[in-house]
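Student: OK, TrEMBL features for this one:
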- 7-27: transmembrane segment (TRANSMEM)
- 47-66: transmembrane segment (TRANSMEM)
- 78-95: transmembrane segment (TRANSMEM)
- 101-121: transmembrane segment (TRANSMEM)
- 133-156: transmembrane segment (TRANSMEM)
- 168-192: transmembrane segment (TRANSMEM)
């Protein structure tokens, strides 16, 4: 911790940043229990906690009251881990079930990707700045997200001399993700209620844990240790294989 006569400064190290992120998540969960509107709109707990903390820290810095910084060492690895878990949820069975609708969705996304870049480059040109910044705030950040922004940003900076490309892309991706989560939750909730969509009447592990009286006493207490370790192992293996494949492909594939 560093104190300054003019402004209070504090830097969270790698471990402290992880702990702070976890606390922020639970803070968001706590806020949802207190504010009924957030529950009705199905706003995710990470968004509630993260956005609240981000606003508070921004106000403190804007008023020159305090300047809080975080160690970004684990940022890239955690983002890769997150997108790995997203990929693990996909399967050929799901793709086959999507059928023609999935093909139309892929076509729509491809067209939208081109339109995003065209719009971004056009606006950048109108503002009198390098049109490649339009790509950074286009498909790189809006379609690719934080992981792609963090990967493509440095490449554009080194190859094309596009100063601040990484910051621009990550800022755009963060804003897009926050807005999509704020809008997506309420819309999803409305669609579920409007079309009266019901989930299968199956008891989940969480429900089983909440109703221990329904469990067989001979089986003892419910434990997910083996499942958690198995999932963690699969994620780490996929991340390692992805890194090796990425390094090999980078020698042949460039922008």
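Heads up, the Cβ atoms here are built off N, Cα and C, so glycines get one too.
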Student: Counting only residues 6+ away from its ends, which parts of the chain sit with a Cβ under 8 Å from the transmembrane segment (133-156)?
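Tutor: For the transmembrane segment (133-156), the sequence-distant neighbours (Cβ-Cβ under 8 Å, at least 6 residues beyond its ends) are 75-76, 79-80, 82-83, 109, 112-114, 116-117, 119-125, 162, 165-170, 172-174, 176-177, 255.
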Student: Taking contact to mean three or more C-beta pairs under 8 angstroms, with sequence separation of 6 or more, is the transmembrane segment (168-192) in contact with the transmembrane segment (7-27)?
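Tutor: They do not touch: fewer than three Cβ pairs between the two stretches lie under 8 Å.
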Student: Ranking 7-27, 78-95, 101-121 by Cβ pairs under 8 Å to the transmembrane segment (47-66), which is first?
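Tutor: When the Cβ pairs under 8 Å are tallied, 7-27 comes out ahead.
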Student: Please indicate, using numbers and ranges, the residues of the same chain that are 6 or more beyond the transmembrane segment (101-121) and have a C-beta under 8 Å from a C-beta there.
Tutor: 95, 131-139, 142-143
